[in-house]
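Copied from TrEMBL, the annotated features are:
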type: DOMAIN; residues: B:5-79; note: domain 'Glycine transporter'
type: TRANSMEM; residues: B:6-22; note: transmembrane segment
type: TRANSMEM; residues: B:29-50; note: transmembrane segment
type: TRANSMEM; residues: B:62-82; note: transmembrane segment
type: TRANSMEM; residues: B:89-109; note: transmembrane segment
type: DOMAIN; residues: B:91-162; note: domain 'Glycine transporter'
type: TRANSMEM; residues: B:115-136; note: transmembrane segment
type: TRANSMEM; residues: B:148-166; note: transmembrane segment
type: TRANSMEM; residues: B:172-191; note: transmembrane segment
């Protein structure tokens, strides 16, 4: 129940973040809506397509689409005020990341998949909406280049998955996974923590 | 029956338009063929993958592939003459857009999906082939930036869907949806109608 | 059995090639791993999603993921020595191409699909991992612009498919398809064979 509410907040926040990216590309309103839908629901959609789960959540619950579209349109209207909201925005975005991750892990776990696949499912759900957004806006996915993001997703997934094996209650593990992931994400933004980069300059082609 | 013939014309025209885009990128002949297939059949394929419909239409009917490939190869041969054909080309392209849209709506309707999903299904079928083409050619999808295109798809879908509810015969509604969408598209090209753009310049990253 | 071993070598090599591309984009380690997974397993995944085959191979056999991840990480460590390995690398990459192609054809054939779909299935398996890699790195897919690559895939697929019809044993046909495709690929690299390009300069938009 709590997870579901957090999920709804998550798709709304992802839609708002996507609308701003689309606005920087000067897309028209409909383009903004498409980018918002792809960003907010794309990760979960890709996960379900890969797992062969049908119907997709937003096809079964079109209200998810409505939430995303309303969030995107509201963002267009309030964009001039967004800079002031930036901090709270990053907070909500970090929340979306960990919530999506836990949802994705939970679904793969319910299908009794291998732990590696559970981690991947969480990471796809948490981060690939943003990857699809970046591909549609033709920029190299930020995921691969910015402060800890995908790694936060892996961390949250790992905690969520490990918890039951060390005797921790499912709900406690869920909250612990989200709290830890969220905290690390906030610290990563604050202190610009980054993964080591692989810089390869050899002339290959 | 009429719809099926229009559909076949639609994939041929989309293949031709895609071949020209690929030619501007100086792709080799096989690359042109791949881009043509993705453009002409990608929208319907994405729709069917999202809806979980198998087998895909072109896997069941490989003749669709043949039509697309022949159209692409013919385009390579006749490209020098294409400028003169430009007007009739835009006409056929607009036709493809509304036909694909109505086909997409029709399929979602047959699955008794929510009206919002029916609209989305029509729009994906009508426009995402072009989005996939632009992603493969690494340009920001024109869909989001040009004259009314996706909006024409939504309009045609809305008319098609509303018609039966106001007592209009299915076939009449189908023709009305296509005729209206097509007319608006032609007027949009002629008078450069555009959706309002969302321009956001704040420094966000 | 031999095919399976070659397949495992194929995904390892594709992962290594992808890691180097990601390194040139200065991605972080996790980004390198994601690109490696997409490149090595993306072609087969796309094929299975289009054919509606579930579970996907790497979901059923997570060991494939492990092979890819280890290969990517090893590449990061040994990259300084890679230039010297370049020739053997191109050899292995050509091997991966023909092995993936034959695997893809074999799967489509097992589903009793049309010969055109069998060819497409082989080509998607053999080449679309690289296309997805290029899209994520926002470069126009090399597939469409470099020495014979997709065409080698088509050639290998055609030989594999034709062999039984002219009385050649399945295993012999398989080896002949791979050997021919591999040889042509090596010659294409050596002598810079290319497909004719379609160059279209007309002002279209």
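In case you wondered, yes, glycine gets a Cβ from its N, Cα and C as well.
Note on the domain 'Glycine transporter' (B:5-79): mean pLDDT across this stretch is 92. Within the same chain, the transmembrane segment (B:29-50) stays apart from the transmembrane segment (B:172-191): fewer than three Cβ pairs sit under 8 Å, each pair at least 6 residues apart. Residues 94, 97-98, 101-102, 104-106, 109, 115, 118-119, 122-123, 126-127, 130, 142, 172-174, 176-178, 180-182, 184-185, 188, 193-195 of the same chain, all 6+ positions outside the transmembrane segment (B:148-166), place their C-beta atoms under 8 angstroms from a C-beta of that stretch.
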